[in-house]
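Trainee: If you look up TrEMBL, you'll see B:79-268 marked as domain 'ABC transmembrane type-1'. Look at TrEMBL and you will find B:20-39, B:83-106, B:118-137, B:143-161, B:192-214, B:250-268 tagged as transmembrane segment.
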Amino acid sequence: MTDESRSIPVLEVRDLVRHYRLPRESLFSEPGHVYALNGVTFEIQKGKSFGIVGESGCGKSTLARNVMALEDTDSGSVKILGKEVVGLSFDQLRPLRRHFQMVFQDPYGSLDPHHTVGRIVAEPLAAVGPISKEEKDSRVAEALKSVGLKPQDVSKYPHEFSGGQRQRIAIARALITHPELIVADEPVSALDVSVQAQVLNLLKDLQKEFGVTYMFISHDLAVVEYLCDEVAVMYLGEIVEKGRTEDMFNTPAHPYTRILLDAVPKPGSGQKRSRIKLKGNVTGQTERRTGCVFRDRCPMAQDVCREVKPPLTPVGEAHLAACHFSDEMIKKAQPHS
Amino acid sequence: MSDTRSLSFLSRCRRSRSFMVGGIMTAFLLVCAAISLFWTPGSAYDITIANRFLPPSADHWLGTDRFGRDIASMLMTGTQNSIVVAVVAVSIGLSMGVSLGLLAAARRGWTEEIIMRLSDFSFAFPAILSAIMLTAIFGPGGVNSILAIGLYNIPVFARLTRGSANAIWAREFVMAARASGKGRLRITFEHILPNILSIIIVQATILFAIAILAEAALSYLGLGTQPPEPSWGRMLNEAQTLMFLDPMQAVYPGLAIATAVFGLNLLGDGLRDILDPRLSRKR
């Protein structure tokens with residue numbers, strides 16, 4: 001029994017591809033594309049938190065929307081509890097939706113201002129099928145209680161709450177169907193730092209209590225380090241490094257991961273750190289390119305990086321990186337840790 | 001808690017001066033129309049040539065016209081006519097236009113493209129011109145002028161609805177509703193419509209004023225309400241030839257039209273201030 005639940009991951013993503021077509025610029029030229037996801041593969045075991053990190057424009061949110069089956073996937077496979085969801089129609093998906101819920105980034109935008117909290121929190125029950133009003137009310141009360149809100153809050157409107165409380169409402173909404181997987185797209189980035197900690201602790205407590213699995217998207221490495229068991233770093237729609245959080249933070253095997261880590265300010269150390277800085281923004285979402293996705297901004301780029309695309313290869317136990325020089329990176333990282 | 005909501009709504013109404021002034025003007029017209037249903041100071045229909053061009057008096061508050069009809073009574077009865085035309089025309093435009101706009105926003109793609117290009121097409125003809133065309137084909141009359149004005153209102157509402165609905169569709173709470181497995185029809189009625197309702201109400205108020213103006217224009221041209229039904233537009237037309245003999249004949253219906261249009265526009269502006277979520281959130 002335990003072996004079986006372990007072998008079937010809660011979420012299994014294989015070679016997920018999503019390209020957006022741009023509007024034609026002229027009648028005779030082919031329309032351009034945004035290559036948002038170019039073959040993303042990962043899986044999340046039950047009760048774990050999986051972090052996805054990257055800059056703006058690297059495809060994190062596209063990945064969340066595709067995992068949640070909110071838009072059409074071009075190719076690849078998304079299995080939730082072993083069930084394929086890619087290719088299912090919206091109506092076929094409805095009964096499955098209770099198993100995976102989402103928490104959105106902006107708690108001011110993700111709650112309908114015209115609905116009461118009770119109605120907002122009960123919303124995902126629409127997919128469960130007809131249930132009695134008493135059961136609905138008791139489940140709403142239970143969900144509100146588990147996120148630390150009062151039962152009398154059900155009849156209030158979202159504008160009566162602060163940002164952190166609103167995000168609690170959004171989390172209660174995600175919890176009400178007792179889902180196995182919660183996809184959280186930057187759930188704390190719109191909140192004050194003090195409130196961030198509260199919401200993160202709440203997410204941790206809920207995981208302990210209900211055993212939910214998180215797919216946690218963030219650009220904030222500190223947040224990911226605090227919450228996640230495993231991390232994947234994305235760049236231009238691809239995973240460039242993936243592994244256990246402590247391995248990734250101690251011995252980054254991809255220069256991009258190293259740069260992201262170096263960019264985190266560390267208070268109190270006082271001494272000068274050797275760090276690699278990154279210039280510019282993510283570019284090149286609209287072109288098909290050879291070689292490594294990171295070659296244009298990589299401080300270590302060589303000729304081989306321009307010609308040969310490095311595959312995602314194991315560099316340690318459960319630690320994969322897509323870089324020709326990952327061994328050097330690890331060697332360099334060792335004395336630091 | 002619904003009490004606190006309606007209370008704050010009322011106090012916001014009271015604070016908006018344009019809402020209060022516009023509301024009083026509109027209410028005055030409605031009361032005139034309601035009273036004229038069962039009482040008028042004189043007769044709006046009886047032609048008594050001996051009484052023509054009487055000056056204002058206790059019997060004839062605003063005097064009489066060239067057929068000896070009581071002007072005050074004609075204005076009051078004409079209010080009914082204007083309101084009925086405007087209500088029906090705006091209802092036609094509202095029901096059809098909002099449905100089309102919601103459909104366009106919910107379906108996107110070809111459906112949206114067809115609905116919006118048809119709206120553009122009908123926008124290419126000036127409203128009064130297309131109304132003249134319609135009445136020229138189907139003959140002048142009250143019903144046809146209502147239809148003509150109502151048809152013109154459809155694309156106005158369709159465009160407004162589709163534009164604001166698209167903005168709501170892009171919001172995260174709609175994505176959350178999709179993630180809950182709600183279909184497009186359900187999202188349209190549970191999330192989209194309540195969020196754009198205030199915009200539609202404001203637009204309806206303003207189009208109401210435009211419809212009254214359009215009806216007066218059509219009647220002035222002889223294409224709208226037919227005699228002997230009194231109508232502001234036709235009163236203006238009849239007064240035109242008497243401009244130098246008795247200019248007040250033109251002033252009264254003109255004032256009535258101006259009051260209706262001005263009052264409804266003020267009401268619409270006031271409603272916009274009151275219902276605008278950006279203003280109501282600031283509390």
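Keep in mind that glycine also has a Cβ here, set from the backbone N, Cα and C atoms.
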Trainee: With Cβ distances under 8 Å as the criterion, find the stretch in B:20-39, B:83-106, B:118-137, B:143-161, B:192-214 that has the most pairs with the transmembrane segment (B:250-268).
Mentor: B:20-39
Trainee: Using Cβ atoms and a strict cutoff of less than 8 Å, what residues sit near the transmembrane segment (B:192-214) while being 6 or more residues removed from its termini?
Mentor: 82-83, 85-87, 89-90, 93-94, 98, 102, 105-106, 127-128, 131, 145, 149, 152-153, 156-157, 160-161, 164-165, 168-169, 174, 257, 260-261, 263-265, 267-268, 271-272, 275-277
Trainee: Going along the chain, which residues at least six beyond the ends of the transmembrane segment (B:20-39) come within the CB cut-off of under 8 Å?
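Mentor: Here the qualifying positions are 13-14, 73, 75-77, 79-80, 83, 259-260, 262-270.
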